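See below for the structure under consideration.
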Amino acid sequence: MDEMATTQISKDELDELKEAFAKVDLNSNGFICDYELHELFKEANMPLPGYKVREIIQKLMLDGDRNKDGKISFDEFVYIFQEVKSSDIAKTFRKAINRKEGICALGGTSELSSEGTQHSYSEEEKYAFVNWINKALENDPDCRHVIPMNPNTDDLFKAVGDGIVLCKMINLSVPDTIDERAINKKKLTPFIIQENLNLALNSASAIGCHVVNIGAEDLRAGKPHLVLGLLWQIIKIGLFADIELSRNEALAALLRDGETLEELMKLSPEELLLRWANFHLENSGWQKINNFSADIKDSKAYFHLLNQIAPKGQKEGEPRIDINMSGFNETDDLKRAESMLQQADKLGCRQFVTPADVVSGNPKLNLAFVANLFNKYPALTKPENQDIDWTLLEGETREERTFRNWMNSLGVNPHVNHLYADLQDALVILQLYERIKVPVDWSKVNKPPYPKLGANMKKLENCNYAVELGKHPAKFSLVGIGGQDLNDGNQTLTLALVWQLMRRYTLNVLEDLGDGQKANDDIIVNWVNRTLSEAGKSTSIQSFKDKTISSSLAVVDLIDAIQPGCINYDLVKSGNLTEDDKHNNAKYAVSMARRIGARVYALPEDLVEVKPKMVMTVFACLMGRGMKRV
């Protein structure tokens, strides 16, 4: 780091800045580029017109990017805070960083005291999450030692320390992710707790949480901003699980005139929720809302939404619930919000927001409140008579979901909700290249917002660049794949590129551990067999297509060879196996691999069905874990 930037900066201040930098650097590539700045201002929810934000970002890039490489390095970031501190632009930048949820309280850097530097975190979020978790786990005997937590104290940060609550919440969001048999519930020594936290973090990663900056020690120490950040991701995945057309065909009722099902399927869960709320508001004769922050502060839209979705008692066995609208005319915003929440309580949906959260327009908690309303009372009817091609509504395949979760766990931006539609401008693919150490020249990349006219041309240019990078520096096999295919969302060809990205990522991890020695399938298979035989195990594998892998016994034995004694063989079935036996073995194997510290993205079914690509990633991750034993 250059001298000038560090002269008057203490170690604590530097740590604060590093943390702030990491929050803005969404793809964790060590640089901030302009689309990450756009995201920051979007999330900070600042009352600035779009043109003003664009001006600020241009100015920041102009002043901050001193070596003119189109991105801001950490040194340049420090320089902005040190040298440009007094300017209005830098003040706005600092305010945006402070407003982004879960970010440390950045003062004016040099004014920060080196002692007692405090990370700020959102009390509102803590309160909301504690109440949600208390309700979700109230009957779980394994959580009696910590549930119910007091939302007004720091109970939450202590409660997550042994990993059990986190594992349980992951399973509530994506059922069956973690095999309960792999969670340590008794005799919680520090080593056993470490294993639970490994299991929670690697499983969170496997369902698509971005956990790159979080370690088991952070959770054991209950670092508030990291705990809240992880919990929000886990809770949100659960809340959004059914806000997806293939899992909820009634959402087709939200189609607008002239809109195709394909277009509706491209919307993110957030966009679908907004569309859903507006569908009901329109039916009630109330004006539309554009967000779940400023537009809901007066609770009036919420009153109408509750009134529309409350059961009318017309279906058999459905009790009628009447919403009392008298609070609508209350003059005080807080009292009106309280009155609205009392009505939500009648529906069993008083969750996530307090009256103050509604009135302040907290975007995260209001989004959660609305998602929960949708999940309990969608109040939509699947359209019958329309000319709709329902065959489009096939859900994503397991492989597609695994790829998507892998990308999201690396913190790509924007978040990938739909594998093909969200890769059509190649921005995510270009970020993945950076993750596999293929340099990207961001000055060649077109970034959103794209112009109304010619938007697709801009996206296609990105796709062409992505294919070019794949052929040359990355040396992928991309025969017959062009930028147009990515831009069209061609499934087979997009998958071919994405698989090569994931494979390279997996092999890179091994090469880093093996001092740069090239890794390939044969090397992994040989290592697996050598490790098994040295540990006195009788299993072995011929290749990643070996049908014996479907019993998962080779995987289980390998885990036990890497960490002797960790497998409870009473839980493992051998001999003549039924499909159920195989599935139970695979489920245990995947969870145990994650528990000993392997970041496995594959699913138990991949082992049972011996899917060679995913099988390769399982053994490669275990080899990586095995090589760390030095």
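Every residue gets a Cβ built from N, Cα and C, even glycine.
Annotated features, as they stand in Swiss-Prot:
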BINDING   D65, N67, D69, K71, E76  Ca(2+) 2 binding site
DOMAIN    397-506  domain 'Calponin-homology (CH) 3'
MOD_RES   S268  phosphoserine
MOD_RES   S293  phosphoserine
MOD_RES   S326  phosphoserine
MOD_RES   S339  phosphoserine
MOD_RES   T391  phosphothreonine
REGION    109-382  region 'Actin-binding 1'
REGION    383-627  region 'Actin-binding 2'
**Study point:** Near-site residues: Ca(2+) 2, ref D65, N67, D69, K71, E76, CB cutoff 8 A to centroid
**Key:** F31, G64, R66, K68, G70, I72, S73
Review point. Of all the recorded positions given, N67, T391, which residue's CB has the most CB neighbours within 10 A?
Key: N67
**Study point:** Around the Cβ of S326 (phosphoserine), the count of other Cβ atoms that are within 10 Å
**Key:** 9
Exercise for review: Taking only the Cα atoms, work out how far S339 (phosphoserine) lies from D69 (Ca(2+) 2 binding site), in Å, as a whole number.
Suggested key: 54
Review point. Are there any residues in the same chain, six or more apart in sequence, whose C-beta is under 8 angstroms from the C-beta of D69 (Ca(2+) 2 binding site), and if so which?
Key: S443
Review point. Just going by other Cβ atoms within 10 Å, which of the modified residues S293, S339 has the emptiest spot?
Key: S293
Practice item. Provide the number of Cβ atoms within 10 Å of the Cβ of E76 (Ca(2+) 2 binding site), excluding the reference atom itself. Key: 21
Exercise for review: Sort the modified residues S268, S293, S326, T391 by C-alpha distance from K71 (Ca(2+) 2 binding site) and give me just the closest.
Suggested key: S268
Exercise for review: Measuring CA to CA, name the entry from the recorded positions D65, E76, S268, S293, S326 that ends up nearest the residue listed as 'phosphothreonine'.
Suggested key: S268
Review point. Other than its own, how many Cβ atoms are within 10 Å of the Cβ belonging to S268 (phosphoserine)?
Key: 18
Check your understanding: Do you know the mean pLDDT across the region 'Actin-binding 1' (109-382)?
Key -> 94
Practice item. Return the residues near D65 (Ca(2+) 2 binding site), defined as same-chain residues 6+ apart in sequence whose C-beta is under 8 angstroms from its C-beta, sorted by sequence, else 'none'. Key: K71, I72, E76
Practice item. Inside 10 Å of the Cβ of K71 (Ca(2+) 2 binding site), count up the other Cβ atoms and send me the figure. Key: 21
Exercise for review: Pop the Cα-Cα gap between S268 (phosphoserine) and S293 (phosphoserine) into the table, whole Å please.
Suggested key: 18
